[in-house]
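Peer 1: Reproduced below are the annotations present in TrEMBL:
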DOMAIN    B:14-245  domain 'Phosphagen kinase C-terminal'
BINDING   B:17-21, B:167-171, B:198-203  ATP binding site
Number of protein chains: 2
Amino acid sequence: MKKWYEAAAQDADVSSGTFISLARNLEGVPFPSRMSMSDRRFVWDKVRETLLKADGTEYGRFTKISLETVPSVHAVSLAEAGLINAETVTDRVGCGLITAQDESLSAAVNGDDHLTILSKAAGLQLQEAYSKADGLDTFLDRNLSFAFDRQLGYLTQNPFHLGTGMIASLRLHLPALLESGSVGRIAQNLAKLGLTLRSVYGSESNPRGAFFRLSNQVTMGLSEQEALTNLSSMANQIISRERKMREDLIHQVSVQDTVLRNLGVLQNARLLSFDEFLERASAVRFGITSGLVGGISVCDMDTLIYRVQPATLTFESGGAMTEEERQKHRACKVRDALKQGMEDS
Amino acid sequence: MKKWYEAAAQDADVSSGTFISLARNLEGVPFPSRMSMSDRRFVWDKVRETLLKADGTEYGRFTKISLETVPSVHAVSLAEAGLINAETVTDRVGCGLITAQDESLSAAVNGDDHLTILSKAAGLQLQEAYSKADGLDTFLDRNLSFAFDRQLGYLTQNPFHLGTGMIASLRLHLPALLESGSVGRIAQNLAKLGLTLRSVYGSESNPRGAFFRLSNQVTMGLSEQEALTNLSSMANQIISRERKMREDLIHQVSVQDTVLRNLGVLQNARLLSFDEFLERASAVRFGITSGLVGGISVCDMDTLIYRVQPATLTFESGGAMTEEERQKHRACKVRDALKQGMEDS
């Protein structure tokens, strides 16, 4: 079954994914940080039981994973897929995950909150992703009672999520803006408007692969639709600037040279670390979206980026690997995925 | 017409060329450093006239180039081809060059000596190259009287060439020995045996592309055949060591990774400096000789190395070029020459 990121989508040249998460908690049960073991079991059983009713309906079939029983490489691979957060990986007792087969819709249980409903879509599809998350939220609310306060809205463990409990975000690929050195300034300006822009890979000071996550920060005093509109409008401005800069860059021979060399290395390397892969994949992705590189789609590239993450690669290959084996295997997958790539003339 | 280096030859995996030069001077005429202009004209006319008699015989057709009239990019390209030396490029008045069409046999006039007969062959062919040079020497000696002393042998401007006046050399590609750090020590040992090993490109401390020239230093007290046997025996030892080390290296995944990445970059780059090209070409040449890279022959690679040298590239393209234009043009030629290259499986 294909994953959500394997679909072609509008604006995928810059937006490589749309994410909506809704934080929800069950009335009368302490927040995760204060839950007893029996509270955890109760919530996990309750959510699982409820979702069983939705199984096989519009949501397709759900996979239920009791996180405390899975090996840690599996747990890390779920974090790499964005289905659970990093903290859950280290403390998985009583935690669970329920996910649709294409991973476009999921619910993490006993992470930051009792329930984190997560909806994902390729490209820029805020409304679509929101309505999917909202549908599941409505269904669950009918069966479980969510903690809600007339003044504060949904009650969440993290006070910054009080209100809608919704974090909407876009995974933006900004190689041209990063190259121009203006990402830092843009992030500062966005912060004043209640939005954050953070690098997805690497550190803030040394981002890898030019992938950034643009998210709303404000969950209170603003409806879900207002937050989405706000995010969408800023995203469109950033996307326009990125496109304009890419167009200027791609006409430079030295930039074409860099893009095509990166393609050449990815098509030929026998060993590849994930960090190196990301940097080169970012250049090639830019080349694809600018029409310089043909034979590979943006979607192929995004799929590859998800698939060759360290734990995902190891887990899907079914076992333990040394770092050299992993690099060898990654290089092999990359060569295979990019073998059709060439200058588009 | 193909050049001498475009022929496949034995031992070409390590030896990319054999060179025999014979220094000769005309009796009764001062050495080049003390020649008057009329002396220079006299020698050039005399040699040209004599070689006219040999034109169209076993040597094929000769091309005669009066060096003072050619543009400097042409003169530099002749130095890059090894037909004249670097000093002649800067002071070309009264200098000349006569060369067979495949450049396997040539005579430079009024360089270090009145005449430098030069014979070139692919791979390791010391006897063949010597007999070709010797044949032309004998023919010329019959028509011009060469300065010869019973005690000292042939008289040459450079006292280190007195005697046979013969410098025999091999262009050895030693990537594995260079990688192992043992080239310096080998060169020191060879010096004790009257041989020199010097890098062809880059400096001694920073050789580019792992090409070295192994030459005899002793021209006196030793016959031509003794000098050739001596050189040949040491060359065979070096070649064996290089082959052994290449075999060990090529089984390492990290080495295969390096070789194939270099191929990938050369097949995709849009801009290439000659130094960068040399380094990468050296790795690919090693990959070809080790059976890792297929679709390209060692001879293709050696031809490419000659053809994309800065002045050769500029001269053959028929005009002045900026450095960026040259790098673009070089990258284009390299891509074209290596497009069939791939992992040999």
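Cβ atoms are placed via backbone N, Cα and C, with glycine included.
A quick note: this is a predicted structure, and the numbers were derived from the prediction, not measured.
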Peer 1: If you count the C-beta atoms lying within 10 Å of each candidate's C-beta, which of the binding-site residues B:ALA168, B:VAL200 ends up with the smallest number?
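Peer 2: Least crowded of the binding-site residues B:ALA168, B:VAL200, by Cβ count within 10 Å, is B:VAL200.
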Peer 1: Could you tell me the mean pLDDT over the domain 'Phosphagen kinase C-terminal' (B:14-245), as a whole number?
Peer 2: 94
Peer 1: Per residue, counting other C-beta atoms within 10 angstroms of the C-beta, which of the binding-site residues B:GLY17, B:GLY202 reaches the highest number?
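Peer 2: Highest number of other Cβ atoms within 10 Å: B:GLY17.
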Peer 1: When the number of other CB atoms within 10 A of each residue's CB is tallied over all shown chains, which of the binding-site residues B:PHE19, B:SER21, B:LEU170, B:ARG198 has the maximum?
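Peer 2: Per the Cβ count within 10 Å, the most buried is B:LEU170.
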Peer 1: How would DSSP class B:VAL200 (ATP binding site) in three states?
Peer 2: coil
